[in-house]
Every structure is written in structure tokens, then in C-alpha cells.
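Below is one structure, written out as C-alpha cells; the observations come after it.
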Amino acid sequence: MKTSDILLLPTVLLTFLFHNCFAQAEPDLVVATRLGRVQGTRLPVPDRSHVIAFLGIPYAEPPIGKRRFKRAEPKKPWNNVFEAKEFSNACYQFVDTSYPGFPGIEMWNPNRVMSEDCLYLNVWVPPTPRPQNLTVMVWIYGGGFYSGSSSLDVYDGRYLAYTEKVVVVSMNYRVGAFGFLALNGSSDAPGNVGLYDQRLALQWVQENIHFFGGNPKQVTIFGESAGAASVGMHVLSPDSRPLFTRAILQSGVPNTPWATVTFDEARRRTTKLGKLVGCTWGNDTELIDCLRNKHPQELIDQEWQVLPWSSLFRFSFVPVVDGVFFPDTPDAMISSGNFKYTQILLGVNQDEGSYFLLYGAPGFSKDNESLISREDFLESVKMGVPHANDIGLEAVILQYTDWMDENNGQKNRDAMDDIVGDQNVICPLQHFAKSYAQYAALHAQSSAAAPGTLGWGNSGPTGYNSGNSHGAVYLYLFDHRASNLAWPEWMGVIHGYEIEFVFGLPLEKRLNYTAEEEKLSRRIMRYWANFARTGNPNVNTDGTMDSRRRWPQFSANEQKHVGLNTEPMKVHKGLRTQFCALWNRFLPRLLNITDNIDDVERQWKVEFHRWSSYMMHWKSQFDHYSKQERCTDL
């Protein structure tokens, strides 16, 4: 043996021993799933600790080539150890360039390379020793069904997993035309494949999460906006019901007006997209073949042009009522009690509409106070309620106008915020909560009835039942504006900006939240995790209940809900009840009646309505005058 070889021997031996010891010291980083082994990574958290993250685990075969627009197939097994140390590609989607470089926009844009090979999920696990039977919380991102990615910083699951000792899971799913383009009767483009992506990820959780220390019988799905609507859609869909235990819906429900379309409207939009990209010939098969051969960006560039009108809070390719995933329309299923019987926690933010006003409503901008003229207000109402006829628009204007001060720019601005938020988020969610609570009460009164009575279908293909003996509803209003928010003050507590508190970002000192905001975030994480564990946000891990004021159940009669902010908890009754009566009851009836009248009668009713509004305004002014101090005799 050469002298140089002898000198190298200790180095080689030391290297071997180091790697061998390191591998033996970190068995928690490698998990054997049903599909194959995955290797994760340690991520730091405050308190000088860490979580173990498995990032970018494939759950489906890539939906590329001929698989575009089709339901994804489950991932095939692999032999080698899969490196799950970085987030995967983001799914192809629209990228918002309205305010380039502005953090309030960029935080929602994809932060990974976009690809159609994007069906991956992530798992965050509390540190060793390896846990067992931990509660699992599965996040579904929002983004109007046209955008979103599980890799966004605001969805980082490490803080929630570490603080509450739960297993956090998130998944990518296809969005836009890739996830929701639909042609009735076509197996090549059946629609709702983005929802089926989510379901496939939930099936992966059922089959594999116990390898990571999670309990497959204790899975709560939660999401925001379109993600919350998706959560609600799984609550409705019979084949999804066995795959989770409870549900949390943040600022979204399946019955909201932007969340679904009919098959006829879906076909119209698909055909329109084909024309826009040059696929104008042949039958359905040829149309889909042509669309499959287009570069993804070509489809994205034309996506917004398929909408039937210029509007606010409407999106091009969304879930379709197909008779399969949805046996009926969400409204019909909710009204008949045809949904999973379990516990739900849901709520809204104070200013749900303000974000969407920046995308087309005249006079609105992030760079000024957006004081809105009466003319711009009336034009914005038309965009905000695109399905309404003139009589319906007049009803909305009447409800939201302060007739003592109708030209006040601030009041017009805030009224538009309320119109968009009430119609698209708050009032559909209130209706969902009331219907759910009503059927929960009926079911409690008829607990001796056979399973499935009153439409409470827990059973799916496996007959799995959540194990809780009762349903319950908990409702919140999030009304804290973060101290470091980049958006202007007039936008208030914006749609989507409770998420950072749910995921614990205020625990990260470098992000410059206040101490009070860190406490609020810890409180919200505790509520969410308590609910996921027990079905009650008040019940802690050890079975104790918080000594402070408790979060009451929501009932259809009292409609109790809590405010979530940095102040001590307060309980309120009724969530914008008067305004929601317009959207949930009066306006649908009004449009149903007036849509069938001829133009002459319609014009007469419009003029009569305007006259009534004028008389109401005149009476208000007269009453105001009458209350003033009268002139004294000279």
C-alpha cells in the first residue's frame, strides 16, 4: 500500500462513520409510505426548535399531454427514496401584474416555476419523538379557482404544526381552464378535475398520513375563499364525505354566486376560449385536442375574455354542477340538508369586498382614498350585480344609499365595499350557516331516526362515520387590521388577511407584527386546532375549557358569533341580518318576478321605483326640517 493511501485511510473511514452516524441519528427524516420512501427536511421555528417538513410529495401522475383537462390518475409507486425537501412546481395560472413589485399583490402570485406537472402535496410534522394519532389539518388554498399555490409563504404550515402539535397538510390542485374547463358528455373534459385533484389528495391522506404520525380518522379540511368553497363542496359531495371529519370555511361557501356555473354556461365559455385561441372547427373531441396542443400561457392569456359580462368577483373557469360530484346545485343540496353531518367552523372578514373593487370598479385605486362620485357608484353597482335587471339594481341602490348624504364619496366607497362583500361572501355564508344549523337542530330532535334521515349523509363508499354524535356550527367575524398591512387604510380588514393569523406568521419576529398580534395568532391557532381535535373551539387538548368567555354555538334563531381581534372576546348576534335579507330572500324573488315582464311594464316599474325612492328621500328631508328649531317671532 502506498504511503498516500495510508494517509487517506483515516479520512475515508471518518467520512464513512460520519455519514453512517448521521443517517442513524435522523431516521425521522425518512418515511415509508404506500407508494415509496420519502425524505424530508428540518425547518426552524421560533424557540430555537424545528419541525420536520416533507415538501413536494407526488400524489398523482402528471396531468400532461393527453391528460390535460382529464381527471388525474393516482401516483404509481417508486423504488428509490424521493427527496421531499423543496416545494414542487406551481400549477399554471394567471399571474397578477396590476401592481408590479407591490407586496400586497406579489404575496399571492406563484413563487415557484409553473408547470402542468404540479400535483404534489406537503406535510409538516411536529419534532421527534415521532408522534402517533395526531390530529390532521388539510389546507386547500383559494384564488378564485384561477390561481393559488401551496408553496406561498402565507401558507407555511410549520408554525401551526409546531405550536398546536398537529400534522398540517397542503396540496396543489389545477386551476383555471386546466382544472375547470368542461364540456357536458365529454370524458376528455368532464369538468371539476381541480376538485377531483383535491379529493385524490384527501384519499392519499387517508392511506398514508398514519406513516407520518397523523390519525386518518381525525382529519379537518380548511380553506379560504375558493378554498373554503372547495371545502364546502366536499361537505356536499357524497363521495368526499368519508375522507374527512370536520370542516373550516374561511370567507367562502359552495353556494356563493361565483363558485359554480351550469353545464350550458361552461360549454359556452369553453367554446369561446377555443375561438379566442384559434380552435374553431370540428366536434368536441377535435376542440379538446386543439386546446390540448396549445401552450398553457395561450389559454391563460385569453381566460378572462370568456366571461359573459364585465363584472366584479366573477371568474372564468369554476366548478360545474355535473350531476356526479354535485348531485344537485349547491343551493338545492343545502336547502334540503343533503350534506355531511359534522361540526363546522366558518366566518368572514370585516371588509370582504374592498380588494375586488380595485379590479375594474370606476374610481377605485390603492394609491388614494378612493372617494367615489355618485356617478361612479351607480356604474360600480352595475358591475357588482351583473345578473340583476334595472329593478333589481334599484333595490340594491335603495338599500345601500344614505339618502341624507348620497353624494358623500366616502359613504359611496364603503357602500360598494359592502355590496360586493355582502353579495359574494358574507350573505351566502350566513345562509349556509343558518341552513346547516337548522338541520343540526332537526337531527338532534330526531336522533333515534335511521342513518341518512333528513339528508344527513355521512356515509360514502366506505360507510365511514365521523364518530361525533352531534353537529355544531361556530361562526366568527375577523375584524383586526394587521399593523404591517401594505394596502391602504380605506380597504379595512381585507379578504384573505386572516390567513396569516391562522398559520401563525406573527410568531416570526422578523415580520414585524406586534406582541398583541402574536397573542391573537396563538389564540386563533388554538381555536382552529381545538376545533379540529374535538369539534369545539373551546375545548383544549387536555379536555379543559378556557376560563375566558367561551365561543357559543351558532343557531338559526340567535345567530351568535364572536369577533376575532386583539380585544377580549365579545359575542354578537346577527351577521348583517338586514342586508342579507336583501341578497338571500328579497332580491332573488324580485328578479324571479320581474324577469318575466315585458319592456313597457318593466320600464313603468323602474320609474315607479325611482319615484318611491324620491318620495322617501323627500320625506326624510322634510322630517329633518321639521325637527329643526322654528324661527321665533320678530
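Cβ coordinates come from backbone N, Cα and C, glycine included.
Feature annotations, courtesy of Swiss-Prot:
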- SER225: active site, acyl-ester intermediate (ACT_SITE)
- GLU352: active site, charge relay system (ACT_SITE)
- HIS495: active site, charge relay system (ACT_SITE)
- CYS91-CYS118: disulfide bond (DISULFID)
- CYS279-CYS290: disulfide bond (DISULFID)
- CYS427-CYS580: disulfide bond (DISULFID)
- ASN133: N-linked glycosylation site (CARBOHYD)
- ASN184: N-linked glycosylation site (CARBOHYD)
- ASN283: N-linked glycosylation site (CARBOHYD)
- ASN368: N-linked glycosylation site (CARBOHYD)
- ASN512: N-linked glycosylation site (CARBOHYD)
- ASN592: N-linked glycosylation site (CARBOHYD)
- 1-23: signal peptide (SIGNAL)
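Its own atom aside, the Cβ of GLU352 (active site, charge relay system) has 27 Cβ atoms within 10 angstroms in the protein chains shown.
Here ASN368 (N-linked glycosylation site) is positioned 19 angstrom away from HIS495 (active site, charge relay system), judged by their C-alpha atoms. The sparsest Cβ neighbourhood within 10 Å, among the listed disulfide-bonded residues (CYS91, CYS118, CYS580), is found at CYS580. Its Cβ taken as reference, ASN283 (N-linked glycosylation site) is surrounded by 9 other Cβ atoms within 10 Å in the chains shown. Nearest in space to ASN283 (N-linked glycosylation site), taking C-alpha to C-alpha distance over the recorded positions CYS91, ASN133, ASN184, ASN368, ASN512, is ASN184. Put simply, GLU352 (active site, charge relay system) is 19 Å from ASN368 (N-linked glycosylation site) when counted between their Cα atoms. Each of the recorded positions SER225, ASN512 was scored by other CB atoms within 10 A of its CB, and the lowest score goes to ASN512. Counted within 10 Å of its Cβ, the other Cβ atoms near ASN133 (N-linked glycosylation site) come to 13, all protein chains included. Using Cα positions, the member of the recorded positions CYS91, CYS279, ASN512 nearest to ASN184 (N-linked glycosylation site) is identified as CYS279. Spatially, by CA atoms, the recorded positions CYS91, CYS290, GLU352, ASN592 include one closest to SER225 (active site, acyl-ester intermediate), and that is GLU352. A Cα-Cα distance of 31 Å separates CYS91 (disulfide bond) from CYS427 (disulfide bond). Distance from the CA of ASN133 (N-linked glycosylation site) to the CA of CYS118 (disulfide bond) is 29 Å. Between the candidate glycosylation sites, ASN184, ASN368, ASN592, the densest Cβ environment within 10 Å is the one around ASN184. Spacing of CYS427 (disulfide bond) relative to ASN592 (N-linked glycosylation site) is 19 Å (Cα to Cα, whole number). Across the structure, ASN512 (N-linked glycosylation site) and CYS580 (disulfide bond) place their CA atoms 37 angstrom apart.
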